[in-house]
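Trainee: Please find one structure pasted underneath; my questions will follow.
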Amino acid sequence: MLRATLRSFLAYKGRLLLSCLAVLLSVAFVSGSLIFSDTVSRTFDALFKSTAADVTVSPKTEFEEGGQFPSGRVPTLPAEVRDKVARVEGVQKSWLNVSAENITVVDSENNSVGPDTGAPTIADNWYVTDRSPVELTSGHAPRGPDEALIDADTAEREDLEIGDPLRVQAAPGSFDVRIVGIATFTTTNPGATLVFLDTATAQRKLLGKEAAATGVQVQAEPGVADAALKKRIAAALGPADYEYETAAEQATSQAEDFGEFIDILTYVMVGFAGVAVLVGVFLIVNTFSMLIAQRTRELGLLRALGADRRQVRRSVLTEALLLGVLGSTLGLGAGIGLALGLIGLMSAFGMNLEAAEVTVRWSTPVAAYVVGVGVTFFAAYLPARRAARISPMAALADVETTGVGRPLRVRAVAGTLIAAAGAAALVGCALSTETSGAFPLLGLGIVCTLVATVIAGPLLVRPVIRVLGGAFPRVYGSVGRLSQRNALRNPRRTGATASALMVGLALVVGMSVAASSITLSFDEQIDRSLGADLVVQNDSFGPFPQEVTDRVRGTDGVGTLVRQRIVQTRLTLPDGEEVMSPAAAADPGLEKVTSVEYVKGSTRAALRPGRTAVSERFAEKQNLKVGARLSARLATGERMRLTVAAVTRTGSGEGLGGAGLVMGLPTLEKAAPGGLDSSLLITAASGTETKELRASLDGALEGYPQVKVRDRADYKELVREQIAVLLYLLFALVGLAIVIAVLGVVNTLALSVVERTRELGLLRAIGMSRRQLRRMVRLESVVIAVFGAVLGLGLGLVWGVAIREVLALEGMTALGIPWWTIGGVVVGSALIGLVAALLPALRASRMNVLAAIAHE
Amino acid sequence: MSTPETAKPDGAAEGAGVAARAESLTKAYGTGPTAVVALDAVDVTIARGRYTAVMGPSGSGKSTLMHCLAGLDTVTSGRVWLGETEVTGLDDRRLTQLRRDRVGFMFQSFNLLPTLSAAENITLPMDIAGRKPDKAWVDTVIGTLRLGDRLRHRPAQLSGGQQQRVACARALASRPELIFADEPTGNLDSRSGAEVLTFLRAAVDDLRQTVVMVTHDPVAASYADLVLFLGDGRIVDEMANPTAEAVLERMKRFDVIRHG
């Protein structure tokens, strides 16, 4: 029996090729993502371990200020801390560390020399330890206020040399330096741009304080344990006054921060793998069903010769196993290639991983084989059971294909039930008033409707394709009629083939509806609430140097200028509960540049000293009324007492940064002076055209490439771009699904062509030309693809509308239907059909007429 | 032992013209010492308006002869004409057109497209060509074959005999110059077979068609005007106005030649 299985596996190897490709793709993404993330985390773990000082002392902070709304206020400690540390027994050496991350460095042409990948530009004071990640490779160390080093990778990318001038824009102000040396990474370059200054310059120019630092790094004497030394230093300085970390602790916390970035990448890759697996299952089920249909007589003969059902089933499953092992092995190889490709891509983005060794942990091949073999086995199980039910009589009967006439009643019942459950979940999600309750219902609804459509797909084949292919006979004559009938001929097969395409397209359409609803909602909110003519911001909504504000203020034609700052706060509510919330602070006059709707109170009331506005949702959730007293703590420890004076209406003003709290800038300044603005809302003075003002602002801010002047349309575009980035990622994901779905269509057509050999031979004999035969296969392919697209569109629209209902709870009330995407999906699927039919059509038309009509 | 002398005058004697003709038609499969010669320099003429049967034991090359005459297969050497058109040397496109417009086919089995109704199958060659069927003629054919009440059925809903009648109707519907029937009764019981043969006879007598039928059944051959006997790739004999007994007697001599 095993020999018969092997023989048939080899005999049908051509037909299993595409299934093997589907397994390969799934496994490649699974193993590629594992290898990539293992390699990157190992490299960076090593980097963090090798560069962390034995003990690090840093300023005490209340909480880590989230990267999303940095206030631009850098926590510092007094320089004398180092003197105290140096006196602690067991300390061999110690250094002051002065570091600023929110800086911009521009060259003589006012272009930023920082990375354009979102990685930071960091300025540090220059000191050398045996743990330094860089070493001086040319020039000399910086001495004095106008000398700086730059890292070699940046120098190469930006074509900078010793002697070139640079302008560093730090929080306290900009200053000019000259490159006096190049520092080269001795370890992996994580992609940042580094600038080094001497310590005094760094203190004065980066922090704006003479005797301050952002940390102290300590090297222990040989034989002194890090943990012991940390304890001693903490005791000497006061355990509660600063934060202390050993090298191991620091490496761990750095790795954790970095891990979030790697996690995102891994999730994306796992998403790809999941999509590949999901769509691959359809392909494999279909292939095995068709192979078994074609081999009905052969399997019947086996049964007639005495093989029992179990043996037949096992024979099919053994084939699946062979396919799974083969696909997994090839997929593992492809996964290593994929990981190498990603690592190469990272170095193109400035993250230099070339020195890194590719890490393949034992769990990677295990995961690869579990996924590959598991998926194939799972997908082949139903067809194998069907094969086992073939009666010995099938060997004698002249049946064309099995599965054509079997009733779809079970599918109808199951499909209807699951669809009803899905619909109920989606309705429940639409009616839900809490985001937390709506999300699980949304997920359940999406899964149920997807499963229901897959199950009931074959039932929809006849009605939908009758309509879609309705014009074929009239336009293409008998060729059109034949292709329409062929698509209708085996609804299960057509349904399963189209399902693979449907999944991908439903995702595209659903996400597009969600994205365009979000965009449209933001557009509407911006139109409604942004009264300013121009907005000055940087691309990441982060803070910018004070100089920018000063320059804008000094520009002719500026009427109203409202500064806005954003800080992260920890709020203590009246009932004692603590929550984290971002807060926005704005100049009085905010009401002139915005029009926010309030449930209670007004902008004016909220901006009075010691007052604040809260959002309607926040107020409802925390049961806050006007007059409620809050205590807000900043990361640097300062405390503000605030009284709720206004409640903003949901869906209003949320396009302006989305902060939960809005207060007057003086209120914030009083508690925490020296923050940085993160946006400037500007109206033109009467008599000045917005266009003129914009031109003069552009001129005034020429030296500040990090900020941009935007009018309302630009502002909308900015929001749109941010959503588009997410969408592109999704489209890439779906692109993969579609590639596999195309493989599925190719597979189905190719097997159908083989199955219909005699029919095609007859058609050729009675005078159908090769061109007509090709067209017949193409039209069938197009109608199957468009059928999949129609199902996908329907499902995607339902999902999109349901997602919008959840978004509406977040204030995004507009419903945007992306007509262009929908049109593109339909046209694109027809093209997909044409492409998928290329090879099968060629094969059909090349078929030898005589072989096809010859007697058996 | 080809019989050009006997075949030619016989076709010419009818005076009705020549439907198809082959001159030293040779067909070999493979090359060198392993080559199998299916047809060995065959000269044959098919007279227009007559019912010709090609008989011979299996492996005698009768199907190959039909395939070559019908432009389904290429020849190794020799020339073939259909009417005035030389078939040998035509490219695939012209061959396809020739089959579509000037030849009708009936095969032993699998004659019909399972997705099309009987009526759609009958007019398929004309639909493929994009020509309008001659309604009156098609009705005549359908009437003659008594298919009027089966037109909307799919092949799966028809009996074997009915399926072959539909195939016959399709072969006739485009009023071809020549109908090739390859073992048309091979899969039928004797009653249905007789019915189909009677219709083919009627097609020649009443509808003035030309039929070439390949068969190994003496009874089927007895419906023809002329029987050509093929043996080892050559035409070895022929018989006009055959009877089943005479054909059977003649066929027995093949066995004698073979085994004796």
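For all residues, glycine too, the Cβ spot is worked out from N, Cα and C.
Source: prediction; values computed, not measured.
These came from TrEMBL, pasted as-is:
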- A:17-235: domain 'MacB-like periplasmic core' (DOMAIN)
- A:272-392: domain 'ABC3 transporter permease C-terminal' (DOMAIN)
- A:494-698: domain 'MacB-like periplasmic core' (DOMAIN)
- A:732-849: domain 'ABC3 transporter permease C-terminal' (DOMAIN)
- A:264-293: transmembrane segment (TRANSMEM)
- A:320-346: transmembrane segment (TRANSMEM)
- A:366-384: transmembrane segment (TRANSMEM)
- A:412-433: transmembrane segment (TRANSMEM)
- A:439-461: transmembrane segment (TRANSMEM)
- A:498-520: transmembrane segment (TRANSMEM)
- A:725-754: transmembrane segment (TRANSMEM)
- A:775-799: transmembrane segment (TRANSMEM)
- A:819-839: transmembrane segment (TRANSMEM)
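Tell me what's around each of these sites.
Mentor: On the 0 to 100 pLDDT scale, the domain 'ABC3 transporter permease C-terminal' (A:732-849) averages 86 in the predicted structure.
Sequence-remote contacts of a segment are chain residues at least 6 beyond its ends whose Cβ falls under 8 Å from one of its Cβ atoms, and for the transmembrane segment (A:264-293) they are 12, 15-16, 18-19, 22-23, 25-26, 29-30, 32-33, 36-37, 40, 299, 316, 319-320, 323, 371, 375-376, 378-380, 382-384, 386-387, 390, 401-403, 454, 492-493, 496-497, 499-500, 503-504, 507, 729, 733-734, 736-737, 740-741, 743-744, 747-748, 751-752, 755.
Away from its own ends, the transmembrane segment (A:320-346) comes close to residues 6, 9, 16, 19-36, 39-40, 191, 284, 288, 353-354, 356, 358, 360, 364-365, 368-369, 371-377, 379-381, 384 of its chain (Cβ-Cβ under 8 Å, at least six residues beyond either end).
Outside the transmembrane segment (A:412-433) by six or more residues, the chain places 439, 441-442, 444-453, 455-456, 459, 798, 802, 805-806, 809 with a CB less than 8 A from a CB of the stretch.
Within the same chain, residues 282, 408, 411-412, 414-416, 418-419, 421-426, 428-429, 432, 487-488, 491-492, 494-496, 498-499, 502-503, 506, 510, 787, 791, 795, 798-799, 802-803, 806 sit at least 6 positions outside the transmembrane segment (A:439-461) and bring their C-beta atoms closer than 8 Å to a C-beta of that stretch.
Here the transmembrane segment (A:725-754) has long-range neighbours at 15, 18-19, 21-22, 25, 29, 268, 271-272, 275-276, 278-280, 282-283, 286-287, 290-291, 294, 486, 493-494, 496-497, 500-501, 503-505, 507-508, 511-512, 515, 760, 777, 780-781, 784-785, 788, 832-833, 835-837, 839-841, 843-844, 847, meaning same-chain residues at least 6 beyond its ends whose C-beta is under 8 angstroms from one of its own.
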Trainee: Residue list, the transmembrane segment (A:819-839) vs rest of chain: Cβ under 8 Å, 6 or more residues beyond ends.
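Mentor: For the transmembrane segment (A:819-839), the list is 501, 505, 508-509, 512, 516, 738, 741-742, 745-746, 749-750, 774, 777-778, 780-786, 788-790, 792-793.
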